[in-house]
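K.L.:
Here it is, the structure, as structure tokens.
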Amino acid sequence: MQLLTIGINHHTAPVALRERVAFPLEQIKPALSTFKDIFLGRTARTAPEAAILSTCNRTELYCATDDHAAREAAIHWLSEYHNIAIDELAPHVYALPQSEAVRHAFRVASGLDSMVLGETQIVGQMKDAVRTATEAGALGTYLNQLFQRTFAVAKEVRTTTEIGAQSVSMAAAAVRLAQRIFDKVSNQRVLFIGAGEMIELCATHFAAQQPRELVVANRTAERGQRLAESYNGRAIPLSELPTRMHEFDIIVSCTASTLPIIGLGAVERAVKARRHRPIFMVDLAVPRDIEPEVGKLEDVFLYTVDDLGAIVREGNASRQAAVAQAETIIETRVQNFMQWLDARSIVPVIRHMHTQADALRRAEVDKAQKMLARGDDPAAVLEALSQALTNKLIHGPTHALNRASSENRDQLIELMGGFYKHAHPSSER
């Protein structure tokens with residue numbers, strides 16, 4: 001089995017493409033099923049192992065397969081699944097085989113490949129991806145081992161380096177941007193759309209600035225109310241958003257919607273009702289919650305996850321020593337994992353050798369039992385049994401030696417000498 005990771009992320013593709021390749025949670029299990037079917041319909045002897053990691057900043061497919069054309073097949077599957085032309089998608093896709101796939105998984109979980117260097121949210125997202133793949137019956141020995149090692153490496157990196165120290169989160173970056181637009185956030189009304197982990201982080205940072213009002217709009221009213229109350233705010237129904245948007249100076253949105261929930265027309269009406277007082281909008285969702293055309297309106301300052309990334313990266317340079325330490329740890333653990341993977345590759349060979357030897361043993365034991373049943377001397381039967389086993393067990397190695405070319409024979413002799421604990425002929429005196 002070969003490991004392979006294909007994907008796109010914030011390094012290789014803009015948000016406009018990433019949102020088209022994203023997998024909503026409810027689509028991941030069916031997607032894994034179709035992916036496995038594609039490979040079983042090809043030359044693969046067994047169903048591939050697979051897991052899909054889909055976040056705001058990346059969509060990645062981790063797989064283990066015996067199909068040597070897996071790279072091309074996986075990229076075409078991703079293209080067809082999302083109805084994106086292969087010529088449009090392929091330039092943004094990375095395909096990482098074997099040790100590169102292992103190294104990438106370790107770096108992602110450790111926060112080295114994140115927009116926010118050292119962020120911890122990605123570990124939880126990877127664990128969710130593993131859980132979903134397990135429930136879909138798509139995980140096996142290879143990916144299970146890869147992800148268990150991945151989480152162990154991430155823990156080691158975070159506990160032995162300063163990779164997460166002094167990091168500037170996306171939430172903190174949103175506050176910094178708001179402070180560039182408004183002199184004081186404390187004078188502004190803030191609306192959060194959604195009630196997930198990212199919105200909660202943003203609410204924490206904005207609440208620290210003591211805004212005039214903090215409001216949450218969420219599809220699930222109870223969850224929105226609970227989040228609002230924890231910051232001394234209030235909740236409104238999501239359905240009221242089009243008619244209430246003009247009330248807010250700062251709007252931060254991050255939902256799991258597959259389509260925009262804030263359109264150009266609604267924002268145009270809000271700007272008009274505000275008499276062109278500026279609105280600061282942050283869209284942290286992928287796919288995006290706010291139609292990109294909104295950013296072209298005067299008096300609207302719209303920022304996406306990619307825009308916030310520039311601010312986040314300003315704080316990354318100071319932690320390069322921690323990055324170097326983390327990379328050293330990861331490289332060692334990659335080598336350890338590849339040793340395990342190499343050992344796994346010989347398991348089928350060993351199993352075949354054992355099966356073949358056992359078949360020979362049973363055949364000779366059957367012969368011996370028949371000889372004993374007809375009254376043959378037990379000592380002679382045992383001698384015949386041992387001779388037959390010896391001859392048949394060494395037939396394969398001796399046949400290989402006899403057929404080997406002169407340049408390969410010395411290597412075979414050395415290997416077999418180790419197997420049978422015999423010295424190499426040239427070492428005898």
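The backbone N, Cα and C atoms fix where each Cβ goes, glycine too.
The substrate binding site feature in Swiss-Prot is assigned to Thr55, Cys56, Asn57, Arg58, Ser114, Glu119, Thr120, Gln121, Gln125. Among the features that Swiss-Prot reports, active site, nucleophile is placed at Cys56. Per Swiss-Prot, site 'Important for activity' is recorded for His104, and the stated evidence type is sequence analysis. The NADP(+) binding site feature in Swiss-Prot is assigned to Gly194, Ala195, Gly196, Glu197, Met198, Ile199; the stated evidence is sequence analysis.
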K.L.:
Apart from Thr55, Cys56, Asn57, Arg58, Ser114, Glu119, Thr120, Gln121, Gln125, which residues in this chain have a Cβ no more than 8 Å from the mean position of the Cβ atoms of those residues at the substrate site?
P.N.:
Met115, Val116, Ile122
K.L.:
Give me the Cα-Cα distance between His104 (site 'Important for activity') and Ser114 (substrate binding site), rounded to a whole Å.
P.N.:
11
K.L.:
What does DSSP call His104 (site 'Important for activity') in the simple three-state scheme?
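P.N.:
Reduced to three states, the DSSP call for His104 (site 'Important for activity') is helix.
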K.L.:
Measure the Cβ-based neighbour count of Asn57 (substrate binding site), defined as the other Cβ atoms within 10 Å of its Cβ.
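P.N.:
That number is 25.
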K.L.:
I want to verify one value. Collapsing DSSP to three states, which class is Glu197 (NADP(+) binding site)?
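P.N.:
In three-state terms, Glu197 (NADP(+) binding site) counts as helix.
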K.L.:
CA-CA, which of the binding-site residues Gly194, Ala195, Ile199 lies nearest Asn57 (substrate binding site)?
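P.N.:
Nearest candidate: Ile199.
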K.L.:
C-alpha of Glu197 (NADP(+) binding site) to C-alpha of Ser114 (substrate binding site): distance in Å?
P.N.:
17
K.L.:
Measure from the CA atom of Ile199 (NADP(+) binding site) to the CA atom of Thr120 (substrate binding site) and give the result in Å, rounded to a whole number.
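P.N.:
About 16 Å separate the Cα atoms of these two residues.
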K.L.:
When the Cα of Thr55 (substrate binding site) is compared with the Cα of each of the binding-site residues Gly194, Met198, Ile199, which one is closest?
P.N.:
Met198
K.L.:
Comparing the binding-site residues Thr55, Ser114, Thr120, Gln125, which residue's C-beta has the most other C-beta atoms within 10 angstroms in this structure?
P.N.:
Ser114
K.L.:
Whole-number Å distance between the CA of Gly196 (NADP(+) binding site) and the CA of Cys56 (active site, nucleophile)?
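P.N.:
Taking the Cα atoms only, Gly196 (NADP(+) binding site) lies 13 Å from Cys56 (active site, nucleophile).
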K.L.:
In Å, rounded, how far does the Cα of Met198 (NADP(+) binding site) sit from the Cα of Ser114 (substrate binding site)?
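P.N.:
Their Cα atoms are separated by 15 Å.
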K.L.:
Could you check what DSSP calls Ser114 (substrate binding site) once collapsed to helix, strand or coil?
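P.N.:
Where Ser114 (substrate binding site) sits, the three-state DSSP reduction gives coil.
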K.L.:
What is the set of residues, excluding Gly194, Ala195, Gly196, Glu197, Met198, Ile199, whose C-beta falls within 8 angstroms of the centroid of the C-beta atoms at the NADP(+) site?
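P.N.:
Here the nearby residues are Phe192, Glu200, Leu201, Cys202, Cys254, Thr255.
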